[in-house]
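First comes the structure, then the notes that go with it.
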Amino acid sequence: MTKGTFPVESFKGIETPFYYYDIDLLKKTLSIVKELTHKYGYHQHYAVKANANHKILQLIAAAGFGADCVSGNEVKAAISAGFPCSKIVFAGVGKTDKEINLGIDYNIFCFNVESLPELEVINELAEKKGKKVSVAIRINPNVDAHTHEYITTGLNENKFGFSMSSLDKVFDKIKTLQNIELIGLHFHIGSQITEVETFEPLCERINELQNQCEAKGIQLKNINVGGGLGIDYDDPNANPVPPFEAYFELFHKNLELRKDQMVHFELGRSIVAQCGALISRVTYVKEGDSKKFVILDAGMTDLIRPALYQAYHKVENISSDLPIEKYDVVGPICESSDSFVKDYELNGTKRGDLVALRSAGAYGEIMASQYNCREIPKAYFSDKL
Ligand SMILES: *Cc1c(COP(=O)(O)O)cnc(C)c1O
């Protein structure tokens, strides 16, 4: 497999580890999504939780996207990066009163509501402000996303959204709440979904629900299908851009829309993952009895996905063209889970080499922690090194 191209010379003076973002690839990805969005008349809300780096957010906002937020601070980060309040949606099972008030004060587009008590609190807080607030209800469609159990969200047994069976109760409740307007249905079945056909049963479920709503005389203007499109972690060089065409076409073919209905998407990972890499320096190469360990200056505090969900990131030695050898590549943190890959083929590696952990633009930098009193890695951009 080929290696990615990195400006290794320009990295020389930069303290490692750091995140490096390929801005050309981000812009290319955004323009492809934008074109398809126009083609089908869809609406995009970038899922801020995937990467909330200010410059990345600014570029996505400038491309005309809205934002999907899951905390009050994400709403603030989105607004400060230039996302219009009128294109912000706010999801999450545990929105606090403070966060709800913030969303109401900013007149965001819509709250994606996940429980009856949340509906009541939003109504109460809106009433105090003399406002009517738009909500969509998040429905748990009981669709298996065929992904890791920690990132599947659409099955009955997890904490997100309303179950299909509770919907009549929810619709009845909403009728009694004066300061809430129901404007749509919201779904999000999971993340890192690599087979686009997985979204077919979601479309079927949405079609059934629409019939159900219609039978009850409920008309909804907005259908939000969430995010979840996966990326190719195995071969980011062959597939730098996810299969957006097949993905949007699937929804176009399978969703039965009513007149003037708007379809919203909340893509996170598929927008930003491939443009980012974590760049780290080799601190030691340690020879064990039966293995060689490459010990990096980056660890699970900088990129937690492998430790958290056994995720794989392609590792490349970007300083070496020496013959391939096998290594375990690990971090310096005092946890056995602080390991990136095992028995892995890398070009012959020595102390001081630079290593790239690929496809780290999503759920990378934003998940960094200070465990072991470590520093949060800085970010650098291809257009400004
Ligand atoms: C995380 C999340 C997304 C984005 O998921 P990706 O897999 O990164 O596309 C979208 N919507 C909601 C509600 C989420 O929680």
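Glycine is treated like the rest: Cβ placed from N, Cα and C.
Per TrEMBL, the pyridoxal 5'-phosphate site holds GLU266, LEU267, GLY268, ARG269, TYR363; the candidate it also names there, chosen from GLY217, GLY228, GLY331, is GLY228. Our reading of the pyridoxal 5'-phosphate binding annotation (GLY228, GLU266, LEU267, GLY268, ARG269, TYR363) yields a largest Cα to Cα distance of 15 angstrom. Spread of the substrate binding residues is 27 Å (greatest Cα-Cα distance among ARG269, ARG305, TYR309, GLU335, TYR363). Cα distances from GLY228 (pyridoxal 5'-phosphate binding site) to the recorded positions LYS49, ARG305, TYR309, CYS334, GLU335 are smallest for LYS49. In the shown protein chains, 28 other C-beta atoms lie within 10 A of the C-beta of GLU266 (pyridoxal 5'-phosphate binding site). In the structure shown, across all protein chains, TYR363 is the one of the binding-site residues TYR309, TYR363 with the greatest number of other Cβ atoms within 10 Å. Neighbours of GLY268 (pyridoxal 5'-phosphate binding site), defined as other CB atoms within 10 A of its CB across all chains, total 23. ARG305 (substrate binding site) carries a helical DSSP state (H, G or I).
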